[in-house]
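Enquirer: Among the features that Swiss-Prot reports, ATP binding site is placed at Gly124, Glu125, Phe126, Gly127, Ser128, Gly129, Lys130, Thr131, with the record citing sequence analysis.
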Amino acid sequence: MSSRKKKDAEVAQASVEVNPDLDVEELEGVGRVTGAKLKERGFFTVRDVAFASVKELAEVVGNEERALQIVEAARKMLGLHSFVSALEVYERRKTIRRISTGVKALDELLGGGIETRAVTEVAGEFGSGKTQLCHQLAVMVQLPEERGGLGAKAIYIDTENTFRPERIMQIAKARGLDPDQALNNIFYARAYSSDHQMILVDQAKSIIKQNNVALLVVDSVIAHFRSEFPGRENLAERQQKLNKHVADLLRLADAYDVAVVITNQVMAQPDVFFGNPLRPAGGNILAHGATYRLWLRKSKENIRIAKIFDSPYHPEGEVSFRITEEGLVD
């Protein structure tokens, strides 16, 4: 390749790297027909393909060899095809955004708030404050950055019919936001099954592309999976399906710079005689899938305790907060 052509290629490469939403048909090896098939399955852009698995694309294009070529081309265009230095990773982490929880002590525990490009799991018993925290985050993300938000919208997937717009309005009013506008900035969907839940996550990608969305809530992530796959005989199938769902959430968070918050139920350990007999549901799939894991528990009256019990770099610790009419406060 001549120096001129090489330079032109580098310029073209750079232009694509800052435009991950380039139409999928611009990819090498993807024409109009293949592009139409990919779009039918939700792969609209170079970014969508770059974060997909070869197996997913093979189901669309017909074979794994061609799927691998397309995925590698997309990743190369976005600069995701090779190793980078740890310093580059560090510099990239500096661009991660955080959403304040509205509770100063909890923000400090989390290193500044809920991170984008990560999945934060919130586990705890019924009434421990999981859904309350989700409601508050859906409001907090709308605040300007100087007040702890990102000036953005939220997507809320409700699996247990616990979303209450009235609660959003209370919290929004307490934070100085117009209650009606706060509701208008939340894209809500009720999931009626695990399949429906996973479809909604796929649909969320289109909403994120077309709107300034920085938060995706799934409350709760495990409910439908537990009810649809009861008993040990169905456990393997359940975990396999749950694994795909969590992987989709992780990819979405990273690809679109979104904070993903999932709530989780608890289960009893009958063989535990000392300490807390409860543990988060979902087994190793959620344990390894979530980036950060919070445990909420009740204390006296309206006080709740939040403990971070799994994190790549946060030390374990716990703080208390109160649930009031205005929302969660120190």
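Glycine is treated like the rest: Cβ placed from N, Cα and C.
Just so it is clear, the model here is predicted, and its values are computed rather than measured.
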Enquirer: Report, as a single number, how many Cβ atoms besides its own are within 10 Å of the Cβ of Ser128 (ATP binding site).
Expert: 22
Enquirer: Which one of these binding-site residues, Gly124, Gly127, Gly129, has the sparsest Cβ neighbourhood, judged by other Cβ atoms within 10 angstroms?
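Expert: Comparing Cβ neighbours within 10 Å for the binding-site residues Gly124, Gly127, Gly129, Gly127 has the fewest.
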Enquirer: Near Lys130 (ATP binding site), which residues of its chain come within a Cβ-Cβ distance under 8 Å, counting only those 6 or more away in sequence?
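Expert: Spatial neighbours, sequence-distant, of Lys130 (ATP binding site): Val122, Ala123, Gly124, Asp219, Ser220, Thr263, Asn264, Leu296.
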